[in-house]
Amino acid sequence: MSMALEAAKEAEQRGEVPVGAVLVKDGEVIARGFNHNIGLNDPSAHAEMLCLREAGRALGNYRLLDTTLYVTLEPCAMCAGVMVHSRISRLVFGARDEKTGAAGTVVNLVQHPAFNHQIEVTAGVLADECSGMLSSFFRRRRKEQKALKQATRTEQPES
């Protein structure tokens with residue numbers, strides 16, 4: 001999870017929402033990813049998606065059997081669906097996502113009984129660090145947006 005946090009920091013340095021992911025197989029890191037939606041203008045460029053794409057290329061197979069995905073934030077429905085399709089064995093995440101969490105908080109797509117594959121889930125690993133990073137990012141972003149809005153108002157000539 002520490003490596004996923006490092007990837008999340010890289011996302012934050014690029015102005016992206018700080019979410020990081022690392023895929024491990026047999027104790028070896030296969031791939032890593034971090035959110036890159038803004039920079040790529042791609043709504044699907046979530047940390048998990050980029051990590052799993054890289055892993056598929058590295059292993060030469062879209063089925064990522066016997067792997068564990070570590071991610072700093074509970075996956076959304078899109079990412080959870082890709083995890084099920086790629087057949088990862090285990091998901092370990094840090095912070096719960098109270099709005100869009102699809103690994104048990106809002107819905108549980110990764111263990112849905114109707115699907116042909118269920119994923120073992122471990123939640124809350126380094127949760128305080130993961131949620132703290134997200135909270136401070138959004139707090140700073142709101143402050144920056146407020147300052148920009150005030151500066152724009154100040155620069156506008158009075159009519």
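Each Cβ is built from the backbone N, Cα and C atoms, and glycine gets one as well.
Per TrEMBL, the features are as follows:
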| type | residues | note |
| --- | --- | --- |
| DOMAIN | 1-107 | domain 'CMP/dCMP-type deaminase' |
| BINDING | His46, Cys76, Cys79 | Zn(2+) binding site |
| ACT_SITE | Glu48 | active site, proton donor |
Cβ-centroid neighbourhood (8 Å) of the Zn(2+) site, His46, Cys76, Cys79 excluded: Ala47, Glu48, Met49, Pro75, Ala77, Met78, Ala80, Val82, Ala102
Per-residue pLDDT averaged over the domain 'CMP/dCMP-type deaminase' (1-107), given as an integer: 98
Binding-site residues: Cys76, Cys79 - member with fewest neighbouring CB atoms within 10 Å: Cys76
Cβ neighbours of His46 (Zn(2+) binding site) where a neighbour is any other Cβ within 10 Å: 25
Conformational class of Glu48 (active site, proton donor) under the three-state DSSP mapping: helix
For the domain 'CMP/dCMP-type deaminase' (1-107), residues assigned helix / strand / coil by DSSP: 39 helix, 27 strand, 41 coil
CB contacts for Glu48 (active site, proton donor) [other CB atoms within 10 A, all chains]: 28
